Amino acid sequence: MEDSEGTDGTEEDGCRAGGWFHVEAIITHGQRQVSSDEDEDETETGEDLDFIDNRVPGDGQEIPLQLYAQQTAQDDEATVQALKRKFVASPLSACSCIENDLSPRLDAISLNRKSEKAKRRLFETEPPDSGYGNTQMVVGTPEEVTGDEESQGGRPVEDQEEERQGGDGEADLTVHTPQSGTDAAGSVLTLLRSSNLKATLLSKFKDLFGVGFYELVRQFKSSKTACADWVVCAYGVYYAVAEGLKKLIQPHTQYAHIQVQTSSWGMVVFMLLRYNCAKNRDSVSKNMSMLLNIPEKHMLIEPPKLRSTPAALYWYKTAMGNGSEVYGETPEWIVRQTLVGHSMEDEQFRLSVMVQYAYDHDIVEESVLAFEYAQLADVDANAAAFLNSNCQAKYVKDAVTMCRHYKRAEREQMSMSQWITFRGNKVSEEGDWKPIVRFLRHQGVEFVSFLAAFKLFLKGVPKKNCIVFYGPADTGKSYFCMSLLQFLGGAVISYANSSSHFWLQPLSDSKIGLLDDATPQCWSYIDIYLRNLLDGHPVSIDRKHKTLLQLKCPPLMITTNTNPLEEDRWKYLRSRLTVFTFKNPFPFASPGEPLYPINNANWKCFFQRSWSRLDLNSPEEQDDNGNTGEPFRCVPGDVARTV
């Protein structure tokens, strides 16, 4: 049904039109009454005559009007949509934006919408505008703040800030803009309040000095590790303190290399320090915090790289410029890697020098040799070359093996008299022989009979090659035998290892042996398997990973709480053993202090005093028999060539 012209339609027609025609001014022509929303004094100008569409339908103007209405509606819809996109983020558009940032190609081939979980933005450096005004997080540099002083509309930031109020559970975001009158230290406290303080400091360091901080230092995970050289970078130092730092640091250090740079955070001080004594990171941090008057967290503290040539060249080159203040003697690790003369002196590692060091210091353990030789790297060129080598473990093993070969050959060529003299020369203290004699008398042992048996014992006479010290517990048997064994450099064997075929192997590398605390089971084992060993005749000993070794058993001492001479089951051992009984408890002068001290110095004096009674060869006779008296050398000497 066709609608009538004008505004006199039914109520349903007004509802279909949207209801906005009801606010039109209504005039009753019969009585000339004016509606309340229209001015009475206003004159009619005729400008609103075209407001009512009274055209005749079908005149041909419907199509342009409909097209204009469609274009207007599209423009309005686009404007509203743009406004919605600015103030209310669409879930679909946000998800597609994130997926676009992660991988545009992957988003282009996706067939459906993926999960709406939050994803990290990979290619966006600045956070997107949320649409709720110019809210801003804490900035990292003052340049970023000055660039955002005004928003897109040209209004100040303070006029554009919006505070979130209500129960949405989100914290208010405010703008932190440093004022022009704020000092450098105050700015640092604000600027360094970031999520990763250390990363911020490292980034600022590289911008100022042009090199990465960790390219010059090595990292100590523990803050308790001590070191004499430290690299310190301090941020936010006052200008007056930075100027006087060279004088302030001198009482604490032997060497200082100080560089000062000016930045937006204040003065940045970069130092290479050598302290008077070794300090750990905590001590250095407290010391520098006290001198510079800054928090400890505003400093980077690590030890320098001692074997890095680029790092040494950096310190050497910057020390020559006018931007550094240096005092003290340059550390040797910088000199060694930068000066031409020191570089030419670097030589290749020589194993013979290491073997000679192990031989001279009587080192036959790999761990001891590796540790002690590495400590000589600062003063010995060969030790420094050893540390620079990639075959340190192989060199240590080979050096110890060669040292053992030399020691074994030297020991086998010596007689017992020569060996006692050799061991006595290693003792520099002066002792007294009387405590040994007094201890034997305290135990009821006649000194003359002991010397007679001891003389045959040292010579290795068959059937007299073993001395047994018998007695109850706590009488000093092990103390007496251990002191003699330590002086003569002997070996200890234990019956606990008798299940192994190699438990007698230590006897092949010693001049004297000790079997401590022999039990009845041990005596039964000796009676069955080791009779020839006690006789002093040649026996065959099995060695691990080596062929059987035939040797004459060295003199053997045995301590026991069981008297083997009183048991009939061991009657075949009676002629092979010389037994001394210790009856009395071991005497003490005070708790932990023996009344009769027996040590290497006392044993040295004892042998010197009893040398003739023990029928030992004199040193003069040994030299006459072909001993040159010169120390062993495994390092080739330099030949003096005439021109």
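Every residue, even glycine, has its Cβ placed from backbone N, Cα and C.
These features come from Swiss-Prot:
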COMPBIAS  36-51  compositional bias 'Acidic residues'
MOD_RES   Ser90  phosphoserine
MOD_RES   Ser103  phosphoserine
REGION    180-346  region 'DNA-binding region'
DOMAIN    445-595  domain 'SF3 helicase'
BINDING   Gly471, Pro472, Ala473, Asp474, Thr475, Gly476, Lys477, Ser478  ATP binding site
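Taking the mean position of the Cβ atoms of Gly471, Pro472, Ala473, Asp474, Thr475, Gly476, Lys477, Ser478 as the ATP site, the remaining same-chain residues with a Cβ inside 8 Å of that point are Thr559, Asn561, Phe582, Pro585, Phe586. In the predicted model, the region 'DNA-binding region' (180-346) shows an average pLDDT of 85. Listed in sequence order, the residues of the same chain lying 6 or more apart from Lys477 (ATP binding site) and placing their CB within less than 8 Å of its CB are Phe469, Tyr470, Gly471, Thr559, Phe582. In the three-state DSSP scheme, Pro472 (ATP binding site) falls into the coil class.
Candidate binding-site residues: Gly471, Pro472, Gly476. Fewest other C-beta atoms within 10 angstroms, Pro472. The most densely surrounded of the binding-site residues Thr475, Ser478, judged by C-beta neighbours within 10 angstroms, is Thr475. Listed in sequence order, Asn561 are the same-chain residues six or more apart from Ala473 (ATP binding site) with CB atoms under 8 A from its CB. Sequence-distant neighbours of Asp474 (ATP binding site) (same chain, 6+ residues apart, CB-CB distance under 8 A): Pro585, Phe586.
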